[in-house]
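The following features are taken from TrEMBL:
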TRANSMEM  69-87  transmembrane segment
BINDING   Gly75, Ala77, Val78, Asn82, Leu417, Asp420, Ser421  Na(+) 1 binding site
TRANSMEM  99-120  transmembrane segment
TRANSMEM  141-168  transmembrane segment
DISULFID  Cys180-Cys189  disulfide bond
TRANSMEM  237-254  transmembrane segment
TRANSMEM  266-289  transmembrane segment
TRANSMEM  309-331  transmembrane segment
BINDING   Ser320, Asn352  Na(+) 2 binding site
TRANSMEM  351-371  transmembrane segment
TRANSMEM  391-418  transmembrane segment
TRANSMEM  430-455  transmembrane segment
TRANSMEM  461-484  transmembrane segment
TRANSMEM  505-527  transmembrane segment
TRANSMEM  539-561  transmembrane segment
Amino acid sequence: MSRSKCPVGLMPSVVAPAKEPNATCPKAVELVLVKEQNGVQLTNSTLVNSPQTPVETQERETWSKKIDFLLSVIGFAVDLANVWRFPYLCYKNGGGAFLVPYLLFMVIAGMPLFYMELALGQFNREGAAGVWKICPILKGVGFTVILISLYVGFFYNVIIAWALHYFFSSFTMELPWIHCNNTWNSPNCTDAHSGNASDALGLNDSFRTTPAAEYFERGVLHLHESHGINDLGPPRWQLTSCLVLVIVLLYFSLWKGVKTSGKVVWITATMPYMVLFALLLRGITLPGAMDGIRAYLSVDFHRLCEASVWIDAATQICFSLGVGFGVLIAFSSYNKFTNNCYRDAIITTSVNSLTSFSSGFVVFSFLGYMAQKHNVPIGDVAKDGPGLIFIIYPEALATLPLSSAWAVVFFIMLLTLGIDSALLHRHRELFTLFIVLATFLLSLFCVTNGGIYVFTLLDHFAAGTSILFGVLIEAIGVAWFYGVRQFSDDIKQMTGQRPSLYWRLCWKFVSPCFLLFVVVVSIVTFRPPHYGDYVFPEWANALGWTIAASSMSMVPIYAAYKFYSLPGSLREKVAYAITPEKEHQLVDRGQVRQFTLRHWLMV
């Protein structure tokens, strides 16, 4: 699964009007679509400029409270990937040894990029597209972000719909994924709670399935009624109903936006921590829990000699923090101009990493319990992605006393993790309605009998290499074209202190090289998507690459458009294209700092 930061949720704060010295004119419509994501993880979209007036030019909304901003960013950065992806990678790649490359890449790339986006948005007071007034030719990066966020929204809402379905199904005396006597069960179902288990021992292990697995794939998805991605079938009415509820929640959250969502962040950002803590207290008391935790933390430093371990650490950093989705830029653009964005970056990245690490104790305490219960190695039950969340966890919860109550609590956590942030300015009602209806209609493909195949295809291609490419161009645009020196001056103007040499070196050299490495490796090591034993046909893979390429192509397409639309000679076109808009009067006088060697060498 790609770890996409995603999609569609609540704007977790009220913002209050304030006058800022660097404020710019508000937009007629400015949308931040946010995650899961890897989730996914929504994104910012800046649209038509509204006519400027002297009053509008002076106004700029800001967060009403600093804690609202911090909780909003933490709520965005901490998502389902922290629960289902990091613990599995840690276990797979040498346990505690995986923390070595993970923490290294966090310090040299994750934190610097996170800090850069917060500072970029806060100084320029614009969204993901608007900030590129610092380098007009690269504004296509903003449109790349917008497309990626829409693609992610098409399938990420489905995860929330699945969680909603499980949430409603948990309000029963007996959870529906405990036994094999349901209408959706197959003869291969092995019920550990009845004599059915011994009867199934004659079956080949590869054909045996659990009630939890069959509930997800046959009871919820109806996957057995599809032969592949070319045989999707009709949308399932139960999942469609859940999806409608998600879309309605999304619409009214976006429509009311900043008026009503100020209190929501205190639930969506803090609830997952309370639930994880409760699950941890329950998990460590289960038999086999310590075996699972030991497997999670076992250190195998020999694994550090394998390139795949370093690649997994690098990609996890990019997707976990959510850099490149435009959300961090959009959120920070509503900070007060003098806000200490450096401190915010350190706090939020640290909380994100600690959450990922801590969730591993919850996950593997339950996996150790399941391994002992079935008398199999932990490796047989350890997996990432939807299989962990919608099969392994429900099966473990079903064996606990008060299982229905624990299931309700667990799926409440998934719902709050999946819901993040969305923001609109004026004239938002009709535009919001158009966005959510379009998202709903396209999401219907993911709730058909074969919808899991569409989901898998989008998850694999929508925000993988394309989002890494977008972050790479963003880092180059800020550090090289705009210039680290100028960027550092901007930060000093806001916080009163220039970034240290360490941060400037990371922005100029380390982070771009790191991102280039990850982009190249993601292409070289590409593996076609699959779901279980199902292998996607060639046309599906071609469609996936078309989706990925469509977002990445926004960068060269817009660059070409911008270059040819600029007036003047070739030299003047280049100058206007790579010079910040506020410096265009210097270009008219022939003073272009980007044409000097000093600009490219300064750190």
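Glycine is no exception: its Cβ is also placed from the backbone N, Cα and C atoms.
Locations of recorded TrEMBL features on the structure.
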residue: Gly75; record: Na(+) 1 binding site; Cβ neighbours (10 Å): 29
residue: Ala77; record: Na(+) 1 binding site; Cβ neighbours (10 Å): 28
residue: Val78; record: Na(+) 1 binding site; Cβ neighbours (10 Å): 25
residue: Asn82; record: Na(+) 1 binding site; Cβ neighbours (10 Å): 27
residue: Cys180; record: disulfide bond; Cβ neighbours (10 Å): 24
residue: Cys189; record: disulfide bond; Cβ neighbours (10 Å): 22
residue: Ser320; record: Na(+) 2 binding site; Cβ neighbours (10 Å): 29
residue: Asn352; record: Na(+) 2 binding site; Cβ neighbours (10 Å): 25
residue: Leu417; record: Na(+) 1 binding site; Cβ neighbours (10 Å): 30
**Asked** Would the transmembrane segment (505-527) count as touching the transmembrane segment (309-331), i.e. at least 3 C-beta pairs under 8 angstroms with sequence separation of 6+?
**Response** yes
**Message:** Using a cut-off of under 8 Å between C-beta atoms, tell me which stretch among 69-87, 461-484, 539-561 contacts the transmembrane segment (351-371) the most.
**Reply:** 69-87
**Item:** Spatial neighbour of Gly75 (Na(+) 1 binding site) that is closest, considering only the recorded positions Cys180, Cys189, Ser320, Asn352 and their CA atoms
**Value:** Asn352
**Request:** Count the CB pairs under 8 A between the transmembrane segment (237-254) and each of 141-168, 266-289, 391-418, 461-484, 539-561, then give me the winner.
**Result:** 141-168
**Item:** Leading stretch by Cβ pairs under 8 Å, where the reference is the transmembrane segment (266-289) and the options are 141-168, 391-418, 430-455, 461-484, 505-527
**Value:** 391-418
**Asked** For the transmembrane segment (430-455) and the transmembrane segment (505-527), does the number of C-beta pairs under 8 Å, pairs 6 or more apart in sequence, reach 3 or more?
**Response** no
**Leading contact stretch, 461-484, 505-527, 539-561 vs the transmembrane segment (99-120) - CB distance under 8 Å** = 505-527
**Asked** By a Cβ-Cβ criterion of under 8 Å, what residues six or more beyond either terminus of the transmembrane segment (539-561) are in contact with it?
**Response** 137-141, 143-144, 147-148, 151, 229, 453, 457-458, 460-462, 464-466, 469-470, 473, 528-529, 577
**Asked** With an 8 Å cut-off on Cβ pairs and a sequence gap of 6 or more, do the transmembrane segment (461-484) and the transmembrane segment (391-418) reach 3 or more such pairs?
**Response** no
**Same-chain residues at least 6 beyond the ends of the transmembrane segment (505-527) whose Cβ lies under 8 Å from its Cβ atoms** = 105, 108-109, 112-113, 116, 308, 311, 314-315, 318, 464-465, 468-469, 471-472, 475-476, 478-480, 484, 487, 603
**Asked** Quick one: Cα separation, Cys189 (disulfide bond) versus Ala77 (Na(+) 1 binding site), in Å?
**Response** 38
**Message:** Rounded to a whole angstrom, what is the C-alpha distance between Leu417 (Na(+) 1 binding site) and Cys180 (disulfide bond)?
**Reply:** 31
**Asked** Cα distance, Asn82 (Na(+) 1 binding site) to Ser320 (Na(+) 2 binding site), nearest Å?
**Response** 7
**Request:** Round to the nearest Å and give the CA-to-CA distance linking Ala77 (Na(+) 1 binding site) with Asn352 (Na(+) 2 binding site).
**Result:** 6
